[in-house]
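Notes follow the structure.
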Amino acid sequence: MTEHKSGFVSIIGRPNVGKSTFMNRVIGHKIAIMSDKAQTTRNKIQGVMTRNDAQIIFLDTPGIHKPKHKLGDYMMRVAKNTLSEIDAIMFMVNVNEEIGRGDEYIMEMLKNVKTPVFLVLNKIDLVHPDALMPRIEQYQKYMNFTEIVPISALEGLNVDHFIDVLKTYLPEGPKYYPDDQISDHPEQFVVSEIIREKILHLTSEEIPHAIGVNVDRMIKENDERVRVEATIYVERDSQKGIVIGKGGKKLKEVGKRARHDIEMLLGSKVYLELWVKVQKDWRNKVNFIRQMGYIEDQD
């Protein structure tokens with residue numbers, strides 16, 4: 001009889017290499033926020049992948065960057081602290097881009113860890129196969145990797161193969177979570193991330209990092225409908241106008257798109273009510289950051 005494998009795996013990489021796309025691909029639900037804006041993951045989101053022979057808990061860490069404010073400091077601490085808690089590390093890179101200073105910074109950080117490190121070259125659907133080996137050789141000059149696997153998280157190419165390879169390095173162990181549990185975050189947090197994702201998709205470059213979303217109330221009104229009330233926080237009045245849009249059109253579209261995904265998540269009809277409020281310089285206010293759900297790990 002095959003032994004059951006279970007373990008915790010950290011997905012690390014510089015911003016926008018496809019970490020959240022990978023997470024959502026293997027879990028099969030939208031757990032991690034996806035956007036073309038950098039630094040969209042603010043918390044280590046645990047996604048639980050359960051198969052007959054294994055259960056893998058993925059930690060989607062914030063993209064590595066130089067912090068510019070207290071929220072950025074917290075994002076970096078989350079990323080680094082995660083490395084000490086896990087059984088394997090996925091270092092994900094964009095195979096379509098040259099090795100950047102961010103990649104070098106991460107590899108310097110990973111050189112001395114004793115945990116198995118997998119180099120996962122994502123977005124192979126965007127490059128010619130002949131370009132793959134030269135890129136792999138470039139990374140091998142920096143450090144030795146446990147395994148090197150090219151994938152496309154968006155298209156699903158080679159993802160199952162990578163999971164099979166990863167499982168061989170995980171310890172034998174029990175299921176930590178029930179079969180139907182896909183995340184350890186409360187539903188309110190995932191709902192707030194869905195709303196934030198839609199805002200990122202619909203707003204300009206000025207807005208993304210100044211956006212915070214808090215679910216104020218989420219109640220089941222009856223067997224068929226859940227009521228969700230959420231507040232969108234921005235840092236300036238001008239940003240509030242951008243999020244609301246002319247005649248409220250932008251906010252209405254955010255609500256429409258978010259409601260669709262929230263209904264998929266909850267398996268129920270959703271009544272979604274959104275407000276937009278200005279909270280000046282909120283990313284530098286520790287208590288407010290904590291209130292938003294970005295809670296620092298206790299020693």
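Every residue, even glycine, has its Cβ placed from backbone N, Cα and C.
Checked against Swiss-Prot, the range among 122-125, 170-173, 278-281 recorded as region 'G4' is 122-125. Feature region 'G2', per Swiss-Prot, maps to range 39-43 of the set 39-43, 69-73. Among the residue ranges 13-20, 181-188, 245-252, the one that Swiss-Prot annotates as region 'G1' is 13-20. Annotated range for region 'G3' in Swiss-Prot, selecting from 60-63, 236-239, 296-299: 60-63. Taken residue by residue, the region 'G1' (13-20) breaks down under DSSP into 2 helix, 0 strand, 6 coil. Counting every protein chain shown, 21 other Cβ atoms lie within 10 Å of the Cβ of Ile124 (GTP binding site).
The region 'G1' (13-20) scores a mean pLDDT of 82 in the predicted structure.
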